[in-house]
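K.L.:
The following feature annotations were taken from Swiss-Prot:
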DISULFID  CYS237-CYS239  disulfide bond
DISULFID  CYS270-CYS273  disulfide bond
Amino acid sequence: MKDYVVKATAYDGEVRAIALRATEMVKEACKRQGTWPTASAALGRTMMGGALMASMLKGKDKLTVRIQGNGPIGEIIVDAHASGATRGTVTNPHVSPELNSKGKLDVARVVGTEGTLSVVKDLGMKEPFTGSVPIVSGEIGDDFTYYFANSEQTPSSVGVGVLVNPDESVLAAGGFVIQLLPGAKEATITEIEKRIGETPPISKLVEQGKTPEEIINGLLGEENVKFLETKPVFFECSCSKERIGNAIISLGTKEIEAMITEDGGAETVCHFCNESYSFTEAELKALLEEAESKR
């Protein structure tokens, strides 16, 4: 089954609903990062939170999510585009705490319970939109829920989950966001809260083969839902040799000269996809000329 996100409204426009299946997207990101199981869950949950949020954007709009907690995983960074392209990285992929009291991967322990979740949205305007909230649990779904309520003033429920195989590969990954729109009735809110409380973990639903549409129908009641749009979500890294070259130019002439005289070349690795880029001495000299022309 392919990864995709579906958007819907429900209860005659009182509610916005978005759900996604992202197993392959998360699997590819975790493979490239070399994450151990709990880090896979943390990275996957953050990527899906970013992808759900990015599905509300348009055109070439994009956003970056940063979770900076006090746990051993360090920083989690996710870039997500309106197109569905998403990538992510963690500072320390090799964290492996014991299971929590429920026998589950202890994401809160690796993320930490103190710190910030921040979102920067590039909407093609002069200045990006930036919002930041304190981490409330470190479980990530709760933290996105708190972000929507406090930074965007939209009461929401966010569920994101990742199941990991015994061989440490990703078995299933999925997520949803349910948002109350202005004018939502108390009766609607009560019914949705009850339904969400009775819903199995999202990762289990994906493992069982439930589609994003079926997940939304289960959360809100098929008779209440109107589907609007589906589009793919996928792992994609925007790095390239040209971009890395521009980054080297931005270091300045002294740094480039040192690369030439001391190392006779340069090699750099993308933090997101682990692709390696090599620059020969001749290529560095060309970059040096370009850097000098910009002084």
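Keep in mind that glycine also has a Cβ here, set from the backbone N, Cα and C atoms.
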K.L.:
How would DSSP class CYS237 (disulfide bond) in three states?
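P.N.:
DSSP call for CYS237 (disulfide bond): coil, neither helix nor strand.
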K.L.:
Let's check the environment of CYS239 (disulfide bond): how many other CB atoms sit within 10 Å of its CB?
P.N.:
18
K.L.:
How far is it from CYS239 (disulfide bond) to CYS273 (disulfide bond), counting Cα to Cα, in Å?
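P.N.:
Distance between the two Cα atoms comes out at 8 Å.
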